[in-house]
Amino acid sequence: MPPIKENVIIYANPDHCLSCHSCELACAVAHSGGHDMIEAIAANLPLHARNKVVSVDGTAMPMQCRQCEDAPCTFACPTGACRQADGQVQIVEQHCIGCKLCVMVCPFGAITVRSETVVEQGACTNRGVAKKCDLCVDWRASTGKTAPACVEACPTKAIRMVDLDAYRIALREARAREIAKSHRHMRVQF
């Protein structure tokens with residue numbers, strides 16, 4: 001399994017998003033149980049993305065779990081199914097009771113509860129299980145990829161997996177360039 005680096009996030013640039021939904025399809029297929037897209041469709045498997053392209057005021061923005069440092073879902077979960085580990089928010093599905101508290105407190109609307117059929121001791125029941133972006137940890141381990149499926153599928157590279165510290169440095173440098181550029185024409189002496 002590729003090592004999970006602490007403070008890794010999915011960065012989405014709305015200026016490059018075409019709203020093609022390739023990231024959603026790739027996510028759904030990556031979580032279809034080891035199938036590729038053709039197999040998943042041919043087997044009529046339910047495909048559920050853990051991300052969503054949201055269009056607001058003519059701008060498309062890929063949205064998914066932000067892997068919050070102080071994630072409200074981890075505090076709201078009564079069973080501890082939502083937890084912080086390895087620099088990300090994880091859901092231990094076996095402990096999830098489908099109460100939807102995590103859905104209600106997520107500030108990004110990044111968690112959904114899906115009904116799953118469970119067969120135990122010959123009995124078939126449905127139960128709700130919380131689902132969210134898991135940075136494709138299992139998919140990356142099985143495919144040898146270093147980036148999540150949504151990142152791999154984006155034709156414009158609007159979605160990238162970035163180290164938060166590197167992002168902060170790049171943001172700081174970009175803002176410094178903007179400030180320096182705006183001050184070039186100002187000649188103020190102190």
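Residue numbers in this text run from 1 along the chain shown.
From the backbone N, Cα and C atoms, a Cβ is placed for every residue, glycine too.
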Which of Cys23, Cys27, Cys106 belongs with Cys65, Cys68, Cys73 in the [4Fe-4S] cluster 3 site listed by Swiss-Prot: Cys106
Of the candidates Cys17, Cys150, Cys154, the one that Swiss-Prot places in the [4Fe-4S] cluster 2 site of Cys27, Cys133, Cys136: Cys150
Within-chain partners of the domain '4Fe-4S ferredoxin-type 2' (87-116) [C-beta distance under 8 Å, separation at least 6 from its ends]: 4-8, 48, 50-51, 63-68, 71-81, 126-135
The domain '4Fe-4S ferredoxin-type 2' (87-116), counted residue by residue under DSSP: helix, strand, coil: 8 helix, 9 strand, 13 coil
Cβ contacts of Cys133 ([4Fe-4S] cluster 2 binding site) (under 8 Å, same chain, 6 or more positions away): Ile10, Cys27, Arg50, Asn51, Gln64, Cys65, Gln67, Ala110, Pro148
Candidate nearest Cys106 ([4Fe-4S] cluster 3 binding site) in space, where candidates are the binding-site residues Cys17, Cys20, Cys77, Cys96, Cys154 and distance is Cα-Cα: Cys77
Long-range Cβ environment of Cys17 ([4Fe-4S] cluster 1 binding site), under 8 Å and at least 6 residues apart: Val53, Thr59, Ala60, Met61, Pro62, Thr156, Ala158, Ile159
Listed binding-site residues Cys73, Cys77, Cys150, filtered to Cα within 10 Å of Cys23 ([4Fe-4S] cluster 1 binding site): Cys150
